[in-house]
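Single-structure report; data block below.
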Amino acid sequence: MTLIQKIQQQNNLTQQDINEFIQTLINPDIENEEKASLLSEYTNRPLNQVEVTYLVQAMIQTMYPVQPVYPEAMCVCGTGGDKSNSFNISTTVSFVVAAANVNVLKHGNKSITSASGSSDLLNKMGIAATHVPDVEGRMNETGLAFLNATDTYPVMKHIQPIRKMMDGPTIFNILGPMIHPYKLDYQVVGVFNPDFVKAMAETLYDLKRKRAIVLHGANGMDEATLSGDNLIYEVNQETGVTSYYLNAEDVGLKPAANGTLRGGTPAENLEITLDILTGKDHSSKRDVVVLNAGIALYVSEKADSIKEGVQLAQQLIDDGKAFEQYKKTGGQVYDHIG
């Protein structure tokens, strides 16, 4: 039976099947149309948590048979694919979290489904992506490094064109946040589809994350939002996986519609980020950064609760530490952003 037949029959796939699937997609000698057909069939399958773990392991093995380690490293990222065109929330959050002396290794990409992905924004900031061999030196110096997925996984260049051919998110939106080249201790992942949250949390547990939160934002975003109840799956290597809902009002923040979080071009998003980090912006955009930073500070054990994490995030912005972290990381400040 061929691989595509196995996928179509929706039988459970073995690790060997999954390895074949990944190897087919990254093979430059196979036509993109054939790969797109295979990826489309797989994306339309019901999500299988065991297969997700196999997929993550297969992707990591293509480049990192032995994953590098940096002590107490954390990543904060979203799957993308929510089509909200929000500003770069998780990139902005990274500066706030790193300002609390959390070792943030953010793994990001160029945008596929919005006007400005994290790599597009970093380019505008003047912050270069860190190559894996340089991570340790960069982290020792600044406590924050940005890794570009096309650099950490050059094989992805064979997959990106197929993803662009497809209408909407694929299985790679789910895998992207979990194939971090580093073996992380802490992670926060925002997910565009609530049906995927549990499987991704269980996969992070299988990958031995010390603590993590996988969440789906109220009203369909891949970040925690201010517009209602956010679905949270919390991972703790000692106690397992638990789920609950979190409302921004529970942690002292005002409700706001997701539409108030819209971003734009990389230049517009940079202006939004700088206004937040310098304490100029007190709108819902600041609040959503504070909420997501609060979650990350709780996960990374800098706060005993998300509410305490939110208070710490506010303090880091108000004290100027978040903006100091931005400059320490190499972020440029412009009189006029264009």
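Cβ coordinates come from backbone N, Cα and C, glycine included.
Model, not experiment: these values are computed from the prediction.
If you check Swiss-Prot, you get these features:
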BINDING   G78, 81-82, S86, 88-91, 106-114, S118  5-phospho-alpha-D-ribose 1-diphosphate binding site
BINDING   G78, N109  anthranilate 1 binding site
BINDING   S90, E223  Mg(2+) 1 binding site
BINDING   R163  anthranilate 2 binding site
BINDING   D222, E223  Mg(2+) 2 binding site
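The least crowded of the binding-site residues S86, S90, N109, judged by other CB atoms within 10 A of its own CB, is N109.
In this structure, the CA atom of G78 (5-phospho-alpha-D-ribose 1-diphosphate binding site) is 11 Å away from the CA atom of N109 (anthranilate 1 binding site). Here nothing among the binding-site residues R163, D222, E223 falls inside 10 Å of the CA of H107 (5-phospho-alpha-D-ribose 1-diphosphate binding site). By a simple count of nearby Cβ atoms, those within 10 Å, the most crowded of the binding-site residues H107, R163 is H107.
Counting only residues at least six positions away in the same chain, the Cβ atoms of G78, T79, G80, G81, D82, S84, G190, V191, F192, H216 sit under 8 Å from the Cβ of D222 (Mg(2+) 2 binding site). Looking only at Cα atoms, S90 (5-phospho-alpha-D-ribose 1-diphosphate binding site) sits nearest to E223 among the binding-site residues N109, R163, E223. Nearest neighbour of E223 (Mg(2+) 1 binding site) by Cα distance, taken over the binding-site residues S86, N109, R163: S86. Cβ neighbour count for G78 (5-phospho-alpha-D-ribose 1-diphosphate binding site) (all protein chains, 10 Å cutoff from its Cβ): 27.
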